[in-house]
């Protein structure tokens, strides 16, 4: 019988060298994300979001990235969810993209800020109708007695707002403003390539690049 200790893959698809890396991490992320899209990976926009609650207990979940620019990485959620409460007391978080088919990870750490109401309104209006209704119907992370309760709420919201539900006040965007971004490329014999971008106001591009030992 195969044991967990025997499960392993020898990575060999690509390398990551300082000479080929972009001078700023957003350009490097854009390059890798486009390669993930070109490779037709299933949902390359999924990422793990890790937060810490008031009691110091960490939690993690998969969310979808909805925007990236030089300001940071944007996602949207219910502000009253567990992650919303975590971020209210500890506005620091970590993101992880894992593209196993390309043998790559991107690890991002930084502070969290809410997006503007205008940004949240604009994205909310672009969502499918069912998702907009669902944002009202679901008290995310709260205990409910049955699926029927959720479906009854969905029906009530649909009847109330029809085809034009407004954005709920408890729903909107967050932006992670990174202070470090690590790009990890799997290599043979577990001697992986790891390049860490650290925010540095004294550096010409605003970032320094360091190679980390695997």
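All residue numbers here begin at 1 and follow the chain in the order shown.
Cβ atoms here come from the backbone N, Cα and C positions, even for glycine.
Look at Swiss-Prot and you will find 8, 9, 10, 11, 66, 123, 127, 131, 190, 191, 192 tagged as substrate binding site. All protein chains considered, the CB of residue 66 (substrate binding site) has 15 other CB atoms within 10 Å.
Around residue 105 (FMN binding site), the C-beta neighbours below 8 angstroms that are at least 6 residues distant in the chain are 96, 97, 98, 99, 182, 183, 184. Summarising the annotation, Swiss-Prot assigns FMN binding site to 61-66, 76-77, 82-83, 105, 140-141, 184, 194.
Taking only the Cα positions, the spacing between residue 63 (FMN binding site) and residue 190 (substrate binding site) is 28 angstrom. When the alpha carbons of residue 76 (FMN binding site) and residue 66 (substrate binding site) are compared, the span between them is 7 angstrom. For the binding-site residues given as 8, 82, 190, the lowest number of other CB atoms within 10 Å of the residue's CB is seen at 8.
Across the structure, residue 141 (FMN binding site) and residue 127 (substrate binding site) place their CA atoms 21 angstrom apart.
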